[in-house]
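Read through the structure below, which is laid out as structure tokens, and then see the notes.
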Amino acid sequence: MKIAVLPGDGIGQEVTQEAVRVLEALDLPGLSLEWADVGATAYRAHGHPLPPATLELARGADAILFGAVGDFDCDHLERHLRPEQAILGLRSELTLFANLRPATLFDGLEGMSALRPEIARQIDLVIVRELNGDVYFGDKAIETLPDGERRGWDMMSYTESEVRRIAHVAFRAARGRKERLCSVDKANVLETSQLWRDVVIEVAKEYPDVTLDHMYVDNAAMQLVKNPGQFDVVVTGNLFGDILSDQASMCVGSIGLLASAALGERQTEYGTFGLYEPIHGSAPDIAGQDKANPMATILSAAMLLRHSLGLVDQADCIEAAVSGALADGVLGLDLGGEAGTREIGDAVISRL
Ligand SMILES: NC(=O)c1ccc[n+]([C@@H]2O[C@H](COP(=O)([O-])OP(=O)(O)OC[C@H]3O[C@@H](n4cnc5c(N)ncnc54)[C@H](O)[C@@H]3O)[C@@H](O)[C@H]2O)c1
Ligand SMILES: CC(C)[C@H](C(=O)O)[C@@H](O)C(=O)O
Ligand SMILES: [Mg+2]
């Protein structure tokens, strides 16, 4: 069982280190970890944010554990050399189109949510974010018009097949949960969203047991804080899913808690090939100071064991250890506590 470990930039390095320590503490027979540079770290060392060797390592592994990429010192670079292109490149090159971003309130964290405790307690949802299409991957440019004014544009598009495959993932996820699916779009304005909605309705015929609703994204953002308990599985496009998942993180306490899995259709000997990462970024404001909460990455490692390596008991074990640490008051600075990155890693390991 081979895991490609790509820590990346900023706190990506620190949080990945803790997740790796947790995996190593489980002492899993036959597990090998191979490391590679990605993001600004890779650009500085190899001249590219996603060097061919990193991509090949990722492709040849059973799963990828990813930290975060991003460095404001790279903002002046041409877009294809910027750190963020590395994660976009991995997602598209490896056809990891389905991004699962679960948000559940851990016991004892009611008071940490941005919502009132009685509302926060109801949150148990998963955002299924499409990851290979949308405005992220369309043509884009900043061009100069004849009158000298500059115009920036990004093409938003989805094909039927792109929507169909993510819809199937979402309906199957709903089947394994409370059988409710909410498709979030902006069909009142966008043709891309109209097609999205049409295709989701078509796919729904194959899942009569799942209740399907549609919601415009602006309303969904409002409902997520007003009444998050109404959501079970939320399926949405790349851009809306990016935004709504950061918002969902504050509903359960912190962006330092939200894990994610990026999956495709490829099966390995042990499970579904995938990339696992916290939903947060490289957080340059706290990087290198032992201030980052590694729990999102540790929980991503648990998702990796469950989905890609078929090690369900061990995944449960990690999740229980995180939950136990939180219940015992091991809170990072993001949750109003004082525990540092390393200390949180130790607390999880001691509870495994
Ligand atoms: N998948 C990724 O690699 C990814 C995701 C998001 C942003 N980014 C990149 O990261 C860089 C910084 O972006 P940003 O500031 O908008 O978003 P960010 O998620 O890095 O940080 C947002 C805020 O949340 C805090 N935060 C984030 N993770 C935390 C953690 N684990 N523990 C405690 N606090 C945490 C940060 O300190 C910051 O105040 C940018 O270059 C951006 O493009 C990368
Ligand atoms: C860094 C960026 C490209 C990325 C995204 O928008 O997908 C990030 O925000 C995320 O949520 O993983
Ligand atoms: Mg994001």
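Glycine is treated like the rest: Cβ placed from N, Cα and C.
Residues or ranges marked as substrate binding site by TrEMBL: Arg91, Arg101, Arg129, Asp218. A helical conformation is recorded for Arg91 (substrate binding site) in the three-state DSSP classification. Over all protein chains present, the Cβ of Arg91 (substrate binding site) has 21 other Cβ atoms lying within 10 Å.
DSSP classifies Asp242 (Mg(2+) binding site) as helix under the three-state reduction. Note: Asp242 (Mg(2+) binding site) has non-local neighbours Arg129, i.e. same-chain residues 6+ apart with C-beta under 8 A of its own C-beta. Here TrEMBL flags Asp218, Asp242, Asp246 as Mg(2+) binding site.
Secondary structure from DSSP puts Gly281 (NAD(+) binding site) in coil. Marked as NAD(+) binding site by TrEMBL: Gly281, Ser282, Ala283, Pro284, Asp285, Ile286, Ala287, Gly288, Gln289, Asp290, Lys291, Ala292, Asn293.
Annotated domain 'Isopropylmalate dehydrogenase-like' per TrEMBL: 2-348, in sequence order.
What TrEMBL lists as site 'Important for catalysis' is Tyr136 (among others). Tyr136 (site 'Important for catalysis') falls within a helix when secondary structure is assigned with DSSP.
When Cβ atoms from all protein chains are considered, those within 10 Å of Lys186 (site 'Important for catalysis') total 20, not counting its own. DSSP assigns Lys186 (site 'Important for catalysis') to coil, not to a helix or a strand. Taken from TrEMBL, the feature site 'Important for catalysis' applies to Lys186 (among others).
Under DSSP, Arg101 (substrate binding site) is assigned to a strand (E or B) in the three-state scheme. It is Arg129 that, of the binding-site residues Arg101, Arg129, Lys291, has its Cβ surrounded by the most other Cβ atoms within 10 Å. The Cα atom of Ala283 (NAD(+) binding site) lies nearest to that of Arg101, taking the recorded positions Arg101, Tyr136, Asp218 as the candidates. Of the recorded residues, Asp285 (NAD(+) binding site) and Asp218 (substrate binding site) place their C-alpha atoms 29 Å from one another. Within 10 Å of the C-beta atom of Tyr136 (site 'Important for catalysis') sit 19 other C-beta atoms, taking all shown protein chains into account. The secondary structure of Arg129 (substrate binding site), as reduced to three states from DSSP, is extended strand.
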